[in-house]
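Single-structure report; data block below.
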Amino acid sequence: MTAVELTAPKRSSLDFVLRARELGIIIALALLVAVTVISNPRFLSGQSVRDILLNTAILAVLAVGQAVVVITRNIDLSVGSVLGLSAFTVGTLLQNNPGLPVVLALLIGAAVGGVCGVLNGVLVRYGKVPALVVTLGTLYVVRGVTYFWAGGSQINADELPPGFLSFGNASLLGVPMLVLIALVALVVTAVVLRNYRVGRELYAMGSSPQAAQLAGIPTGRRTVGAFLVSGALAGVAGVLFAARFGTIDAAAGTGMELNVVAAVVVGGVAVFGGSGTVWGAALGALLLTTIGSALAVLEINQFWQQAIVGGLILLAIGADRLVAVRVAAGLKKRGSHVG
Amino acid sequence: MAAQLRVRGVSKSFGAVAAVRDVSFDLHPGEAHALVGENGAGKSTIVKMLAGVHRPDAGTLELDGTALALTGPADAKAAGIAVIYQEPTLFPDLSVAENIAMGRQPLGRFNTIDRAAMVAQATRLFTRLGVAIDPNRPARGLSIADQQLVEIAKALSVDARVVVMDEPTAALTGVEVERLFAVARSLRDDGAALLFISHRFEEITALCQRVTIMRDGKHVSTDLLEDTSVDEMVRRMVGRDLDALFPKQDVTPGATVLKVEGLTRDPVFKDISFEVRAGEIVALAGLVGSGRSEVVQSIFGVDPRDGGTVQVAGKTLKPKNPKQAMAAGVALVPEDRRQQGLVMELSIERNVTLPRSRSLSQLGFLTGSSERRSAKEWTERLKTKYGRLSDEVGTLSGGNQQKVVLAKWLATGPRVLIVDEPTRGIDVGTKAEVHRLMSSLAAEGVAVLMVSSELPEVLGMADRVLVMREGRLVAELSRAEATEESVMFAAMGQEATV
């Protein structure tokens, strides 16, 4: 895994469980790829791998943001709609200002998403409404706003500046730009969550909200912050979506929130907060995307994809429970004392 | 010796209830100060004010002569006040070292957390405390005693000058208490001011130099421990005027209706045996957490039991079967009416008739008229004040809600009525109503088992008083034997020497 983790002086059993979890996904991924390649060697061809990575990039950016929120014992269901709004906003801007630099487009997307995220965070925190309900509400509100604005119109690839579209296919040292951006988001978030006080406080809040308050953690600001990150990353994902597909209508990203939550859960982020990593969430996104591609290659009905994803979620939750129970039993037996 | 922390005339009310009224005392460096009082005397509210959780409505806290305005727990921490709660407040998913360092983790390059330093700090603190807890393990799965040690390590890590311990020993075994005390003494001898809250006098005398007694939210006295005695402390804790007398009618008890033998549920209560006869009111007294509510929940079958039998009029009740208990004529009015006793969103009549919806229905349908008739009869008998029977129960006052709960169960015509804290949080007038009602039910031959923390209520109503302490039945006192002192002594594990 990361260099940071490898250089950590001592490995706690906690880290071990998390790492074991991520290892499980990697093994599942390897098995899946192996089986698919045996049946169709072209699955590992350059173009196919590239497609999987590009599709993963968008889902992974969303999953990283979602993981931050889930770690604090909340959830953000509005990310699919925020992605749509951001994609449509940036698409419209590019239509009218073909000279807009890509970096600026990304920043605008992040800003649009960030505003939505702050709205979510404020409603959750200061409205004292569960995140599930708030973000279910904003899911429809944001989508509604996008529909109202777009009407039935659609932005097509030929209306977007070629510079922007080529960014969607560009590579740096052989790695697609979209994947690089996802990696940057992943690494930065992972380092903050693991090595900065702010990040640890997010875990603390998810682990025990009451204790977090008593420990003097500014839980209000942190909650809003977590939603801001999730929203901003959803906004960035919207720009990536626009660059990758070139065609944007008001329905862009519909239903995506469920894939994102699935990736996060499969990736081992506990739905009750306090544990899990963004690495796991990103791996979850990679696994889900790979399953989709593999089933197509194996010529298995798309219908099965949903059933398999569902089964994976149950398996992931079951495995987490099992590990948790065994770890708890182990910790009790061992007693709290060294040696 | 200059006082470290002064509590100056603080008051705090929650709604209409004054939890703490004009309380003052001083904590001195290098001294352990005990804070004692009955349940509800206001000790926990004082703790929460010191922790920065509650802000006093009036009065001030002074640390080293300067006024403290604590706007939140972070302020209290910054001021050097550490609070160790009865239930430790750790983050189960995080490592022990991280729990100790949360918010003040040692930083290294680029302001990242220096994990090695953090673990070293925890190890250093544990060495100082003389305990061997692995700093790298997650807090999940630690015993309560070890969790408390982690909390103390937290307090040490900030060099807390005032350490507040809210009943830290309640869940500990003897050895663990000894270890905790050794740590507390060394903290005290290093110059920290300790505020120690406990119900156990032997612990107070073992650790503390000074004691403050509270009663009904008010300060009663602060003395050096050597200038007072356990007897004196107990008298001051309970010594209120017994002006509110309760009209228990004299009834000659009939046959045994409820018989409990060897009832056990590890580790909550053990080997509880008693009988309640028809026409008798038996009170189950003891401190909060002594297992009283758990016993009655187990009798009713809401909670499981590990062993023992419950008989109602000779018929043995199966464990975990409230339906059978109800059929046998047992009614339980639970402690927390909002959570367990009422459906707040439903109407008064629906709530009253809920346990009998089957017997009131015709051909399987509930008819409004039969519900209304029955509800009207019982609410009138209990003198419940309400607008319309169709109003939501949530709109009623606390006392009237309690009457609806009572009506609901009395309407089932119980042979055994179990009431858990029947008058908690209701006004004096309604209290008298409830007492009158219980008395008249007993006169009609109902066997009443009452859990109550209010001593005057226990003494006024009960024909017999059973006292529980730490999950065991420790005393059975007849009406003549039961006094405030004898009940309190039994509840706190002291010999009655008055």
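Each Cβ is built from the backbone N, Cα and C atoms, and glycine gets one as well.
What TrEMBL records for A:20-40, A:52-70, A:100-124, A:131-150, A:170-193, A:224-245, A:251-271, A:278-297, A:303-324 is transmembrane segment.
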### Query
Taking 3+ C-beta pairs under 8 angstroms (sequence gap of 6 or more) as contact, is the transmembrane segment (A:131-150) in contact with the transmembrane segment (A:170-193)?
no
### Query
Apart from its near flanks, which chain residues at least 6 from the ends of the transmembrane segment (A:20-40) lie with a Cβ under 8 angstroms of it?
1, 266-268, 277, 279-280, 283-284, 286-287, 290-291, 294, 297-298, 319-320, 323
### Task
Determine whether the transmembrane segment (A:303-324) and the transmembrane segment (A:251-271) share at least three Cβ pairs under 8 Å, counting only pairs 6 or more apart in sequence.
yes
### Query
Can we call the transmembrane segment (A:170-193) and the transmembrane segment (A:251-271) in contact, meaning three or more C-beta pairs below 8 angstroms at a sequence separation of 6+?
no
### Task
Using a Cβ cut-off of under 8 Å, list the residues of the same chain at least 6 residues beyond the transmembrane segment (A:224-245) that approach it.
54, 57-58, 61-62, 64-66, 68-69, 71-72, 74, 76, 78-80, 82-91, 94, 102, 105-106, 108-118, 120-122, 124-125, 155, 160, 164-165, 167-168, 178, 181-182, 185, 189, 198, 202, 252-253
### Task
Report, as numbers and ranges, which residues of the same chain sit near the transmembrane segment (A:52-70): CB under 8 Å and 6 or more residues beyond its ends.
76, 79, 83, 131, 176, 178-179, 181-182, 185-186, 189, 193, 202, 206, 226-227, 229-234, 236-237, 240-241, 244, 256, 259-261, 263-264, 267, 269-271, 273, 276-278, 280-282, 284-286, 288-290, 292-293
